[in-house]
Amino acid sequence: MSGAAIFIQDDLHVSDTQIEILIGILNIYSLIGSALAGRTSDAIGRRYTIVLAAVFFFVGAIVMGFSPNYAVLMFGRFIAGIGVGYALMVAPVYTAEVSPASSRGFLTSFPEVFINTGILLGYVSNYAFSHLSKHLSWRLMLGIGAIPSVFLAFGVLAMPESPRWLVVFKKAGITNDSKLLGATVGVGFTKTLFILVATFWLDRFGRRPLLLSSVGGMIASLAVLGTGLTVVERSAEGTVMWAVVACIAAVLAFVAFFSIGLGPITWVYSSEIFPLRLRAQGVSMGVAVNRVTSGVISMTFISLYKAITIGGSFYLFAGVATIAWVFFFTYLPETRGRTLEDMGSLFGKTSHENQNSKEDDQLGQVQLVTANNGQM
């Protein structure tokens, strides 16, 4: 959507405010999907919940691709947002429940791998379609998303059931639309490369070291980015090349640090720490908070940087990340190599929770036996 937004604004003649709402509202719409996904996945199973998400993706992409105006485009965004909520909740839960403890981090981070691969392919397709007319280009950028959803829906049926950086680049002096989209390809490539690295490191080095290193690197990257953008913005003699290079390097460093830790570990950790009876609902609530936060940032970012400057915005984000680092360091224990049933003792439980944990263990054993019998 970030690449398509350039052409949507020119073609449909919408304001900056409408564009930032269009981009960020997906995160708010996804709350509906994440709120329903927990109960849905418990009722119809994880597999068919993923199929349902794929249906929403397909319909949303088609509606957006054929949108004649802003209102219909927003409706397509609404449909796709519900699918996002479903997918973000059920993918880590499904993976965690079918993975052995020894490789759960590796496997549970794979949804993030494919998310970033999809983002990279989206950036590449944006660049490829950017040379078409503005009326056609953004429609193809959005409509082509219907194709992978078909493969997702049919592919998951063969599986067993479970027991924003465009504004930054513009401010840094990259104003040509094709160069902007080319820069996003670099971001997508970096994200995909480092998320692949993270999948192999999660079970080797553990969640906690990667998470703390990741957030620490993000803080430094945000600080450098804020400084570089401030220099560029205040320069009276045109573009300051060293600051432009610093901004681009900081963006790439940020997505690298995010992808190697906070990106995948968010879903790995949240899918591990809840007891079986609350796992789907707990992850669903986590997705809801994630989407609300992402939505608020996306829908207010342009207004924020106009109010406190672009550099000030990233200094603010660096401050928030610093608070997050302190919280992670203080409260999040290492879960590498621990079974899902061990999490209660790791985090501490009351006697009532211990009794519920025993019931969860029994339920998990029943599901495992049932799944094994179904495969025989």
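Each Cβ is built from the backbone N, Cα and C atoms, and glycine gets one as well.
Where the annotation comes from TrEMBL, it is an automatic prediction and has not been curated.
For 1-376, the entry in TrEMBL reads domain 'Major facilitator superfamily (MFS) profile'. Among the features that TrEMBL reports, transmembrane segment is placed at 19-36, 48-66, 72-94, 140-160, 180-202, 209-229, 241-267, 288-308, 314-333.
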Please work out which recorded stretch in 19-36, 72-94, 241-267, 288-308, 314-333 has the most C-beta pairs separated by under 8 angstroms from the transmembrane segment (209-229)?
241-267
Give the one range among 19-36, 140-160, 241-267 whose Cβ atoms make the most pairs under 8 Å with those of the transmembrane segment (48-66).
140-160
Among 241-267, 288-308, 314-333, point out the range having the most Cβ pairs under 8 angstroms from the transmembrane segment (19-36).
288-308
